[in-house]
């Protein structure tokens, strides 16, 4: 009872100090870079020294609840070993996990040897070290497992989308790394390398992107969402397997949530239940994704994971002209479920800019009533578009005018977000513009949990 009173007291205090920029289109003018893509000889693309040294090391959650980690890397000269040696900071006894190796071809490109190994039965809230490679080219990294799932478990997620490998991309990643909020896991909302923008989908750019992001993703998990630039369906060069490079390189624990595809799945982490959806896989009635999501939402236990977060690539609400209403078909299928199950927030990318919505829904339409305008709905999620991480150096600045009522704040700049869960009732979201100091919040808002504290948090 004392804990509940304390939470309510905190809720009352935070209710008074909500800070945000509601109903605003920012007039901030960003500086432009003359050169957009970082050249292949950039230091961030540097190949680690040594024969067959592991590179492009990255990790992601390897099970449903955070007690496993998928370790992935590439060796270029020969297969080497897919074994991972790991140990906890508290106990130096090394264990070994064995994985699998694969390769692929794409047009005239042959991949290196891609390794995926899952380490299991990890302890919660523990620092682990791990090593990959053999003999003189062994490389060592570390990560911290999440706390056990629970009602009032604090945890901080970073939000990055449409990263690419431009100079702006590098600024975004540096800002995230230097943030005083210290994100613990990245929720990545799609469009990774943009290799498909280069001649013949030059897959060398998958390798450079893997080396570029290693400085973060080798040390904390990134939760992957597939975007349109991962599709790489290119019949003109006889490449007709959708998502081929992405699927070989980036594994996710989709089977742990009874999904039949790596493009939609869920995980639990700390106090959040995170659902990843695919904007570019079938989602109509009766499709595998539709059927899975219907069952998945029923399984969410807000008494265990109070925060319900959805990730997708194409936004359902967007007031920029670019990609305007592209998410409409998915919205008509899933929005009513988001309202019914009181999803707290939906993060998307695709649009190369930032936008935060009010809590709105557009689910009242019937052919007899003509109601087709979004209305305020405190059971609905906030929709945040954060596809502004840098891509290939192009920002989407052409906005729908006048600003729709559902749009609370929007700005055509590059940046990243932070979703900082405090307890079962409150979380703080901030968006950080690249051209500000790392501690400056260009937009911020307190979230009140839709299940535990469903008061009006409009801005």
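Glycine residues also receive a Cβ, built from the backbone N, Cα and C atoms like all the rest.
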Co-listed Fe cation-binding residue [Swiss-Prot; alongside 162, 191, 194] among 323, 352, 416: 352
Zn(2+) binding, same site as 191, 228, 313 - Swiss-Prot member from 251, 273, 350: 350
Number of other Cβ atoms within 10 Å of the Cβ of residue 170 (N-linked glycosylation site) across all protein chains: 19
Residue pair residue 170 (N-linked glycosylation site), residue 162 (Fe cation binding site) - Cα distance, angstrom, rounded: 12
Inter-residue Cα distance where the pair is residue 350 (Zn(2+) binding site) and residue 238 (N-linked glycosylation site), in Å: 26
Cβ-centroid neighbours of Zn(2+) site 191, 228, 313, 350, 8 Å, sequence order: 161, 162, 189, 190, 227, 229, 230, 279, 280, 314, 349, 387
Residue 350 (Zn(2+) binding site) and residue 323 (active site, proton donor), distance between Cα atoms, whole Å: 8
Spatially closest candidate among 162, 313, 350, 352, the listed binding-site residues, to residue 23 (blocked amino end (Gly)) (Cα to Cα): 352
